[in-house]
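**Student:** This is the structure I have questions about; it appears just below.
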Amino acid sequence: MWGRHREAFSMYKRMPSRDHSTLVDDVEENSALLQNSMDVETTNPSWLLSFPHVVVATISSLLFGYHLGFVVVNEPLESISIDLGFRGNTLAEGLVVSTCLGGAFIGSLFSGWIADSAGRRRAFQLCALPMIIGAATSATTRTLAGMLIGRFLVGTGMGIGPPVASLYLAEVSPASLRGTYGSFIQIATCLGLMGALFIGIPVREIAGWWRICFWVSTVPAGILAFAMIFCAESPHWLYKKGRSAEAEAEFERLLGGSHVKYAMLELSKLDRGDEADTVKLSEVFHGRHFRVVYIGSTLFALQQLSGINAVFYFSSSVFKSAGVPSDVANALIGVANLTGSIVAMLLMDKLGRKLLLLWSFFGMTMSMVLQVAAANSYVSGSGSLYLSVGGMLMFVLTFALGAGPVPGLLLPEIFPNRIRAKAMAFCMSVHWVINFFVGLLFLRLLEQLGPQLLYSIFASVCMMAVIFVKKNVMETKGKSLQEIEIALLPPE
């Protein structure tokens, strides 16, 4: 909590034990002076101050969800293939999808460098720019090549947005609201997915409607680029760059005047000189930072290998076999995802990240068990359909409760400020690589292995995730970034 004093164990290079007590004494003395002379308030900062900045930042997640939804829905792709003359060419259709995912991978790789070099606020604007240009290119093109160029540009923006949004929200949110605000990313992504499905409904009836769908996405992207001019820059990034006065001014905008001195005192515990050095890639993969990067990348890998994207990509066929129209099926998936995301937002700062992750992955395991039961030959036809549809909806709901929103929130919390942007970029790259291969191989594995064995594999991965979270993930609720860092990083 912002209003209570925390331990001062946040130097990125561990100090000898004999120096610890001295440092604690100094900080306690400084804290006492602050209380006596400045009457620092013990209440939490008002959410009204940081809320507008967080909402603007989550527009990037809305765009991410919108374009992801547009990628995975078959109807727009069908209309595009007819209008551009490559209908029936499965390679060309696959390229329209995979080019966007490839662009996202490239964007995520460079997102850390962009966020550290240009700042978090300008990184959002650089995320919006290719989305605007790419969407406009796709909306006006008459050739497959133009569509691929447009999708690649949009993909780069999709790759930059999520890691920068996670960084920004972790660094501008009051500690008491960090979990709640972090859940906004998942909710915005879900709203973007549902928006893509809703706006794409007339695509089968109105010729060229897919062009309108692309033009629509330029509106929130333009709002993001413009509104970021008026948003606060991350005080953590400013302080790391040696711009302490600006960091103090931004804290005042985000937390209120009565909390600025204490926030700066917390920030001053960081070794700014060490932070100013260029982060080498080897630091992310070796030495004292390896464990937190291992935890972060494994969480994203388990998230994708759980089968969630296979469910999103191919749920329509399951519902179709149950006699449910694709529009209704997509709406049901969207409602389940949104409901779980809202519940996660309400519980994130009450139950904590770890508990939500554990129960989420456990619920996903049970959901896949239902899918396995539905694929069993001993289950009757109608019973199999009910189990399959129910298991799929339960899977999406339980995913949205923890496995969906928590990794993007938890990773910026457990990564030290020195490597935070670069480590997030690496973990999001892992996310996109696995996402790509799951989408590429799912149907072939389904044909080769059968649904019963494949869903059993997904269930096993979810159960492995429960064990991994139990053993490796620490609870970050109510802890300062400094407390989290000292608990996770071993001494040099």
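We number each residue from 1, going along the chain as drawn.
Note that Cβ sites are derived from N, Cα and C of the backbone, with glycine treated the same way.
Annotations in TrEMBL come from automatic prediction, not curation.
Heads up, here are the entries from TrEMBL:
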{"type": "DOMAIN", "residues": "53-477", "note": "domain 'Major facilitator superfamily (MFS) profile'"}
{"type": "TRANSMEM", "residues": "47-70", "note": "transmembrane segment"}
{"type": "TRANSMEM", "residues": "90-111", "note": "transmembrane segment"}
{"type": "TRANSMEM", "residues": "123-142", "note": "transmembrane segment"}
{"type": "TRANSMEM", "residues": "148-169", "note": "transmembrane segment"}
{"type": "TRANSMEM", "residues": "181-203", "note": "transmembrane segment"}
{"type": "TRANSMEM", "residues": "209-231", "note": "transmembrane segment"}
{"type": "TRANSMEM", "residues": "292-316", "note": "transmembrane segment"}
{"type": "TRANSMEM", "residues": "328-348", "note": "transmembrane segment"}
{"type": "TRANSMEM", "residues": "355-379", "note": "transmembrane segment"}
{"type": "TRANSMEM", "residues": "385-411", "note": "transmembrane segment"}
{"type": "TRANSMEM", "residues": "423-446", "note": "transmembrane segment"}
{"type": "TRANSMEM", "residues": "452-469", "note": "transmembrane segment"}
**Student:** Tell me if the transmembrane segment (328-348) touches the transmembrane segment (292-316). I count contact as 3 or more CB pairs below 8 A, with pairs 6 or more residues apart.
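**Tutor:** Contact between the transmembrane segment (292-316) and the transmembrane segment (328-348): present.
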**Student:** For the transmembrane segment (181-203), name the stretch out of 123-142, 148-169, 328-348, 423-446 with the most CB-CB pairs under 8 Å.
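**Tutor:** Against the transmembrane segment (181-203), the leading stretch is 328-348.
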**Student:** Within this structure, do the transmembrane segment (148-169) and the transmembrane segment (90-111) have 3 or more Cβ pairs under 8 angstroms, counting pairs 6 or more apart in sequence?
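**Tutor:** In contact, yes.
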**Student:** Find the average pLDDT over the domain 'Major facilitator superfamily (MFS) profile' (53-477) in the predicted model and report it.
**Tutor:** 85
**Student:** Looking at the stretches 123-142, 209-231, 452-469, which one shares the most CB pairs under 8 Å with the transmembrane segment (47-70)?
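**Tutor:** When the Cβ pairs under 8 Å are tallied, 209-231 comes out ahead.
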